[in-house]
Structures are given as structure tokens and as C-alpha cells.
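One structure is given here, and the rest of the page talks about it.
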Amino acid sequence: MSGTLVLVRHGQSDWNLKNLFTGWRDPDLTELGIEEAMAGGKALADYGIKFDIAFTSDLIRAQRTCQLVLDAVDQSSLETIRDQALNERDYGDLSGLNKDDARAKWGEEQVHIWRRSYDVPPPGGESLRDTGARVWPYYLTDILPRVLSGEKVLVAAHGNSLRSLVMVLDGLTKEQILKLNLATGVPMVYKLNADSTVASKEVLGDMSAAH
């Protein structure tokens, strides 16, 4: 068995609360989002893990979640690498719009296709496949080698950037991944084999709370 990979979706953001498409826009966490990140950190502290390095995105909601988790495991000063390769899916022209307003403008069916299809992007934005096309190579070059060397690695990122990782790690089809939602602040702990396959997966919390 090799190292450990922990994935955590950021806590609720201001724009999650306002029902806005966020993407690469940069709102901060809400009070609930802070509590969710702290709860995820406490779950990891209770689990007894100590990290060797952390990765997060270029966006403040993921960075703050990462820091709150590290604070909870008493590793506030741990080396943390920030990279936009881990950013949320870019919603393009939908970014900043209220989801109900978007449905009124383009129609409920079209917005549903943009949100939930695997390979149809919104205007000027990314599909889930596009998101995976930047997340997965970064994982292979920057994150996976650390895990395979035996390190314990934290990745605090976003719903869609993490779903694109989970799709490959869990061996999900594109139909299965479209039905998967990741709860905010709930850590997923992967133990990897030396050949990079998954030896075990534990979810430290209630993933049914995903939205």
C-alpha cells in the first residue's frame, strides 16, 4: 500500500447561498461554510491523520476551507500549493447569474443540460469533461507522485473539479458521475496502492447531505 489522498469540497459560499452560478468567480465562505470546513477538519483530526502537503485551488473559498482543515489537525503552517488547475468548472456566460434567472432566459431543459450533461458546456464555459481535462493531468504530474511516495496529501477544491477526480478513482461511468454530488466539508479518504489504484475509500461524514 502506498500513501493517502484526502479530498474535501469547500464549505458553502456566499453565492451558493444566493443560488448563483459561481465557477471561477471568487466569493468567500458563509458562516455555515466555515462551520462545514471546521467540521471536516475535526473529522480528520479524530481520524488521526497528519498531512505532508496540501493542494488547493486559486479561489478563496477552497483556500479558506483548506486552511480551516489544517488548523483543525494542528498543521496551520503546512506547505500548501495553490493552482488554478483545481478551480471549479468555469460556467462561462452563466457565471454570476441566479439559477432561476438562467432558466427563465434559456429554458429549464437547456440549463439542465448545461449543468448535468458530461460533455455539453454552457456558452463560454466548460463541461465536466473539459474540467477533468485540466484537473486529471495536474493530479498525475503534481499530486499522485506525492501519494505514491507514501505521503498523506490533502486536496481542498470544488464540487466539479473533485467529481472529475472521483470519476476516475472510483471507476465511474459518465452516467454515474452525473448522479454523484459531493457534500460540502465532508472528507473522502483514499488509500492508494503502489500502482495508483484505490485500495480503500472512507467517507468521514454524511455524503447524503450533498446538493
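Glycine is treated like the rest: Cβ placed from N, Cα and C.
The annotation active site, tele-phosphohistidine intermediate is assigned in Swiss-Prot to His10. Around the Cβ of His10 (active site, tele-phosphohistidine intermediate), the same chain contributes Leu29, Gly33, Ala37, Arg61, Ala62, Arg64, Thr65, Ala156, Ala157, His158, Thr184, Gly185, each under 8 angstroms and 6 or more positions distant in sequence.
The feature active site, proton donor/acceptor is assigned by Swiss-Prot to Glu88. For Glu88 (active site, proton donor/acceptor), the same-chain residues lying six or more positions away in sequence with a CB closer than 8 A to its CB are Thr22, Gly23, Trp24, Ser57, Leu59, Thr131, Ala157, His158, Gly159, Asn160, Ser161. DSSP assigns Glu88 (active site, proton donor/acceptor) to coil, not to a helix or a strand.
What Swiss-Prot records for 9-16, 22-23, Arg61, 88-91, Lys99, 115-116, 159-160 is substrate binding site, and it gives sequence analysis as the kind of evidence.
Annotation comment: Swiss-Prot describes His158 as site 'Transition state stabilizer'. According to DSSP, His158 (site 'Transition state stabilizer') sits in a coil region rather than a helix or strand. For His158 (site 'Transition state stabilizer'), the number of other Cβ atoms no farther than 10 Å from its own Cβ, over all displayed protein chains, is 27.
Listed in sequence order, Phe21, Thr22, Arg25, Pro27 are the same-chain residues six or more apart from Trp15 (substrate binding site) with CB atoms under 8 A from its CB.
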